[in-house]
Amino acid sequence: MMKGMVCLVAVALVLAGSVSIAAAQAAGLKKGFYKKSCPQAEDIAQKVVWKHVAGNRELAAKFLRMFFHDCFVRGCDASVLLDSPTNTAEKDAPPNLSLAGFEVIDEVKAALERACPGVVSCADIVALAARDSVSFQYGKKLWEVETGRRDGTVSSDTQALNEIPAPSSTFDILLTNFSGKGLGLQDLVVLSGGHTIGIGNCNLFSSRLFNFTGKNNPTDTDPSLNPPYAKFLQGQCRRNQQDPNDNTTVVPMDPASSTSFDSHYFVNLKARQGMFTSDATLLTNGRAAALVDKLQDNGVFFDHFKNSIKRMGQIGVLTGASGQIRNKCNVVNS
């Protein structure tokens, strides 16, 4: 009994130490970190990002997803940007093969290196690109970005595959995943609202559309889907009925406004029009479902989102003397 108690105490101390370290690292972030070292940093980043988003509104979803996927693997350290000669970096993992916008990140970095060499991290550029791309449609910053992150030197496709939540995840799995990153139930629901923009690959949800119960009935769909919406998705994803692994067909996650960042995701969800299992499962928990109701209001969603994405941006950050400031975002400094 005493041995068990000692073990529990030891684990608690380790966890407490980990939390303290994480809190100390997050404390190294602050609004306007580059105010003295590179005062024009955020303006430079915004100018480049807005230029590209003006010509391709789908980039907002790409950068928001890039930030999420970066933070959930080894923390927000730009490890998602690193290349690997053996194709074993995070960007080589299946969940990241559809990421895009890396060339824009490189352009922002080049512009910042010309203005302030060796000062602004790639990790902060990813965070700024997510905010600025989403904010473009409103012509103003939708949330403040704390800066001061430094760049990691390790990137693993295996870790990415293990750490990034799958679109087939149940509520309990999602909550465990988010809790492991220091985020709570509210953050899970609010950040899922990022699915108001972007597209989804049919192969990631076609199992909900065809022969759902495995009784060889091709029209058998997931009963948690609104029937007209399920029929719409079946029509869009016909190729996946013959080939469930076909990854070439995509569907807007919010058919009515796939490039508009708003609270319509929660309106859709309430109408049982969540594309992924990981969307629909939010309605299976009472507290989460109650939040979905509240977040259908744009103002409420925006207020909550700016707080949740701030917390997400603090996950596992490297600050102070940890990590490095990469000269180029896709390779570690030699």
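Note that Cβ sites are derived from N, Cα and C of the backbone, with glycine treated the same way.
Curation does not apply to TrEMBL; its annotations are automatic.
Owing to the predicted nature of the structure, the values given are computational and were not obtained by experimental measurement.
Noted in TrEMBL for the protein shown:
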{"type": "ACT_SITE", "residues": "H69", "note": "active site, proton acceptor"}
{"type": "BINDING", "residues": "D70, V73, G75, D77, S79, E90", "note": "Ca(2+) 1 binding site"}
{"type": "BINDING", "residues": "P165", "note": "substrate binding site"}
{"type": "BINDING", "residues": "H195", "note": "heme b binding site"}
{"type": "BINDING", "residues": "T196, D254, D262", "note": "Ca(2+) 2 binding site"}
{"type": "DISULFID", "residues": "C38-C116", "note": "disulfide bond"}
{"type": "DISULFID", "residues": "C71-C76", "note": "disulfide bond"}
{"type": "DISULFID", "residues": "C122-C329", "note": "disulfide bond"}
{"type": "DISULFID", "residues": "C202-C237", "note": "disulfide bond"}
{"type": "DOMAIN", "residues": "28-333", "note": "domain 'Plant heme peroxidase family profile'"}
{"type": "SIGNAL", "residues": "1-16", "note": "signal peptide"}
{"type": "SITE", "residues": "R65", "note": "site 'Transition state stabilizer'"}
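A map of TrEMBL features onto the structure.
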residue	record	contacts (Cβ under 8 Å, 6+ apart)
C38	disulfide bond	L112, A115, C116, V119, V120
R65	site 'Transition state stabilizer'	L99, G194, G198
H69	active site, proton acceptor	V80, E90, P95, N96, L99, A160, I164
C71	disulfide bond	K181, M312, G313, I315, G316
V73	Ca(2+) 1 binding site	S79, V80, E90, S156, Q159, A160, E163, I164
T196	Ca(2+) 2 binding site	M253, D254, S257, S260, F261, D262, S263, H264, Y265
Worksheet item: Compared by Cα position, which of the recorded positions D77, C122, C237, C329 is the closest one to the residue listed as 'heme b binding site'?
Response: C237
Response to the item:
Judged by other C-beta atoms within 10 Å of its C-beta, the most isolated of the binding-site residues D70, D77, E90, D254, D262 is D262
Discussion item. Suppose the Ca(2+) 2 site is T196, D254, D262. Which further residues of the same chain have a Cβ inside 8 angstroms of that site's Cβ centroid?
Written reply: G193, H195, I197, M253, A256, S257, S258, S260, F261, S263, H264, Y265, N268
Discussion item. Using the CB centroid of D70, V73, G75, D77, S79, E90 as the Ca(2+) 1 site centre, which other residues of the same chain sit with their CB within 8 A?
Written reply: H69, C71, F72, R74, C76, A78, V80, G152, S155, G316
Discussion item. Just to be sure I understand: of D70, G75, D77, P165, which binding-site residues have a C-alpha no more than 10 angstroms from the C-alpha of C122 (disulfide bond)?
Written reply: D77
Worksheet item: For C237 (disulfide bond), what residues in its own chain, 6 or more apart in sequence, show a Cβ-Cβ distance under 8 Å?
Response: C202, F205, S206, L209, T249, V251
Discussion item. So if I draw a 10 Å sphere around the Cβ of G75 (Ca(2+) 1 binding site), how many other Cβ atoms end up inside it?
Written reply: 23
Fill in: Cβ-Cβ distance under 8 Å to C76 (disulfide bond), same chain, at least six residues away
F67, D70, A123, V126, A127, R149, M312, G313, Q314, I315, G316, V317
Item to complete: Please tell me which one of the recorded positions listed here (G75, D77, C329) sits closest to the residue listed as 'substrate binding site', measuring Cα to Cα?
Response: G75
Item to complete: Report the mean pLDDT of the predicted model across the domain 'Plant heme peroxidase family profile' (28-333), rounded to a whole number.
Response: 96
Item to complete: Pop the Cα-Cα gap between C329 (disulfide bond) and G75 (Ca(2+) 1 binding site) into the table, whole Å please.
Response: 16
